Amino acid sequence: MDYSQEAITSLIWILQTLAITSVVFSFGIFLLVRFTQWGKQFWMFAGGYLSPKRSIKPILFFLLIVAMTLLSVRISLVNSEWYKNMYTSLQEFNEHVFWQQMGLFCVIAASSVSAALVSYYLEQRFVINWIEWLNEQLVNKWMAHRAYYKTQYLSENLDNPDQRIQQDVQSYVKTTLSLSTGVIDAVTSMISYTILLWGLAGPMIVLGVEIPHMMVFLVFGYVIFTTLIAFWLGRPLISLNFINERLNANYRYSLIRIKEYAESIAFYAGEKVEKNQLYQQFNAVIHNMWVIIFRTLKFSGFNLVVSQISVVFPLLIQVGRYFEKQIKLGDLMQTLQVFGQLHANLSFFRSTYDNFASYKATLDRLTGFCYAIEKANNKSQTQIHNHPTDVIFKNLSIQNPLGHTLIKHLNITLPQGTSLLIQGKSGAGKTTLLRTIAGLWSYAEGEINCPTHNQLFLSQKPYVPQGNLMSALAYPNNADNISHTQAVEILNKVQLGHLAEQLEKEQDWTRILSLGEQQRLAFARLILHKPAVAFLDEATASMDEGLEFSMYQLLQQELPQTTIISVGHRSTLKTLHQQQLILQDKGQWQVL
């Protein structure tokens, strides 16, 4: 090797190899996407980001990362030649060549360290950019058309969407890049080191027949055989890792629920029940972990045995030629180094099978997330149209997720400013009707006409966002749209004047305010927004009858043009509404 020309030679080698790698890698991705299920899953989240129509930058960035990977391969090839020359100088007691090799080692080491640092930065930059893009895509898909709500009512419930967006996205991107660069590094190195080993390997006599370069065939046969066994041992890890993700997410969610419903659990003294449920879920996690551990012991144990054998395997083959003085110590050491590299590259697919198992589980969770959203969005046959003033139901039929009819062929017209009270037995479909109007319920068909862009829903347990009280009052709009004076005036109207001095305080208002106060805060929000239609789902259930009467009177005074549709059980609500819709058994209904 002419070290004086090595920089130019290496540059040419990297450019040529980069061109070949780009073509082969692209064709390989095409075949995977076309003919494998996991390839199609991979492309669901990579195709949009890597598309030149969106931006050419990701592809250029990836090519730069591949170029740095090839630079590392080239440095390792130069390092192999350095091994040979350094050990040969030791065998021949050539001090001049030895120190020359030490100087060369400094150059090789500096190049290797620099390449590693630059590669790390480029890879992390690429990963972060991809995570940002993919996170935005999935969050938008989850929030669009209220899919975050609809997916809760699918027959195959979408578990832990938070983990799929936050954790699985990062795992997918990082593993995709590491596997891609790993494959490129392994294949490129394998070809390069095979050429080197071909020149180093001597002939061997097998059953009386001399076979040239026998070591090359032996190492390939050895690795292929061990890889097949490793795949057989590691295959169950794919499903086990998927189950592990689900069990851990469910356990974590149960812990969060205890914090969320701490007061209710405390009132019921339900600690024993909750603790037993936690132990059951935790035991399931531990059991699955032990199954993974025992499977990994078999898989990793086999890999470790294979790795130990590979240390002495080339030595046993080449030592005869060394003792016969057919090769020098430098050649022997280079053979060991080249064999080790070639074995590692050939074993890449075997040793990373457990990583691929986790990767496949991540792909299944992410694609399951997207399929659930598509199913939730495509299921509804309800046609919801905008109407400037009125609320009109035409042949509206609603079912529960099991297919039982709750409401059949509902036909009602509510002119602007009308108030309607919906009553019926528990489970009759009162709240479900409101969900259908809002476009949240997929198990319905028919036609709804209403002011679709000017609605507000008040639930029994109002949503109070994080932040100060001013933000909670303005939600879902920005707090900058209302003045302090206006906010104080509205709080006084809903009998929450004692909170006026705390409008700018950031606290956990859900825990500070009673449920009745939260409901009055929701009424203040309703008066502030002045919607064309207001839907009240037992929005006064935590108020006494006097407060309830005051709140509805306030709505009539402040929002005379707003159509009010309420759900409630109290008989006192009847006098506060102009019409009643009674939901009866078997989908029947009656308007009073």
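For all residues, glycine too, the Cβ spot is worked out from N, Cα and C.
Small disclaimer: the values here were computed from a predicted structure and weren't measured.
Per Swiss-Prot, the stretch carrying the note transmembrane segment among 278-298, 299-319 is 299-319. Between the binding-site residues Ser426, Thr431, the minimum number of other C-beta atoms within 10 Å of a residue's C-beta occurs at Ser426. Applying an 8 A CB threshold to same-chain residues 6+ apart, the list for Lys430 (ATP binding site) reads Ile422, Gln423, Gly424, Asp537, Val567, Leu583.
When the binding-site residues Gly424, Gly427, Gly429 are scored by other C-beta atoms within 10 Å, Gly429 scores highest. Sequence-distant contacts of the transmembrane segment (214-234) (same chain, six or more residues past either end, CB-CB distance under 8 Å): 194, 197-198, 200-204, 206, 295, 298-299, 302-303, 306, 310, 313-314, 317-318, 335, 339, 342-343, 346-347, 349-351, 353-354, 357. Residues of the same chain lying 6 or more positions beyond the ends of the transmembrane segment (12-32) and with a Cβ under 8 Å from any Cβ of it are 38-39, 42-43, 63, 66-67, 70-71, 73-74, 180, 184, 188.
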